[in-house]
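Q: Questions regarding the structure given below will be posed in turn.
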Amino acid sequence: MQSSNQTSVSHFILVGLHHPPQLGIPLFLAFLVIYLLTVSGNGLIILTVLVDVRLHRPMYWFLCHLSFLDLTISSAIVPKMLAGFLLDSRIISFGGCVVQLFSFHFLGCTECFLYTLMAYDRFLAICKPLHYAAIMTRSVCNYLALGTWIGGTIHSLFQTSFIFRLPFCGPNRVDYFFCDIPAVLCLVCADTTINELVTFVDIGFLALTCFVLILTSYGYIVAAILRIRSADGRRNAFSTCAAHLTVVIVYYVPCTFIYLRPGSQEPLDGVVAVFYTVITPLLNPIIYTLRNKEMKAALQRLGGLREGQPC
């Protein structure tokens with residue numbers, strides 16, 4: 001069998017979401033509003049954390065990273081989708097497809113690691129409060145956050161290079177709204193059994209490992225919270241942890257549905273993918289602001305600061 005020099009495809013056509021033609025404009029407007037809310041909501045969280053000194057703590061530093069990841073994941077996918085709705089522009093270059101697939105898995109894997117790191121941070125804060133400040137120093141937080149980005153880069157480089165070393169000699173219609181592993185593998189002019197198995201094992205191992213670590217952290221957290229005598233203390237601890245756990249569940253369930261079914265490529269996959277690429281980045285800032293008293297107070301202070309500035 002010949003090598004990847006056999007590739008002759010110069011571009012791909014993103015089929016997009018299947019919908020009646022008359023729904024093109026309404027869908028464009030709906031996704032545009034969601035995208036603008038996602039960018040503004042996550043951007044507001046980043047601004048609030050950077051401006052408010054009271055939030056200069058590891059938990060909110062990691063939340064700032066999460067908001068940036070949500071903002072960029074949405075920006076890597078939604079603009080091309082909007083162009084398809086409005087301009088019927090569904091062509092993406094071969095290089096553009098490579099960049100989109102790399103960006104999505106780089107950001108998504110980094111977010112997976114970050115969720116695990118945030119669970120560990122809450123574990124230290126609640127289960128080892130006397131040692132928390134000594135363990136989670138500024139430099140440690142920076143190194144841990146950097147580690148999530150490096151891990152995401154390595155994972156995505158491996159997945160992207162492992163797919164695009166294969167020959168693409170036509171067809172070039174991606175039956176999806178962005179370049180993702182299952183959809184792109186369907187266009188390869190070679191046996192993809194090994195790739196499907198490696199994708200399943202790689203993503204499955206990472207997701208399962210992170211999820212088990214998160215559940216283990218929260219097992220210890222719940223046990224510690226139940227030992228808190230103050231009702232207000234238990235309520236505040238549960239409120240903070242419930243927000244993070246909700247976001248984790250919303251993130252992991254759709255990803256499991258897409259990637260941990262080898263060889264699957266069903267119409268429902270597109271609907272599920274919309275949820276974790278478009279809806280989840282919008283939900284994260286809402287969940288964290290509505291269930292976090294400190295964040296709500298900081299947003300109110302930021303609003304008051306802006307109102308108090310002279311014209």
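Yeah, the Cβs are placed from backbone N, Cα and C, and that goes for glycine too.
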Q: Can you dig out which of the ranges 7-25, 140-158, 159-177 TrEMBL describes as transmembrane segment?
A: 140-158
Q: Excluding the flanking five residues on each side, which residues at least 6 beyond the ends of the transmembrane segment (238-259) place their CB within less than 8 Å of a CB in that stretch?
A: 59, 108, 111-112, 115, 118-119, 122, 126, 180-182, 199-200, 203-204, 207, 211, 214, 218, 221, 225, 269, 272-273, 275-276, 280, 283-284, 287-288, 291-293
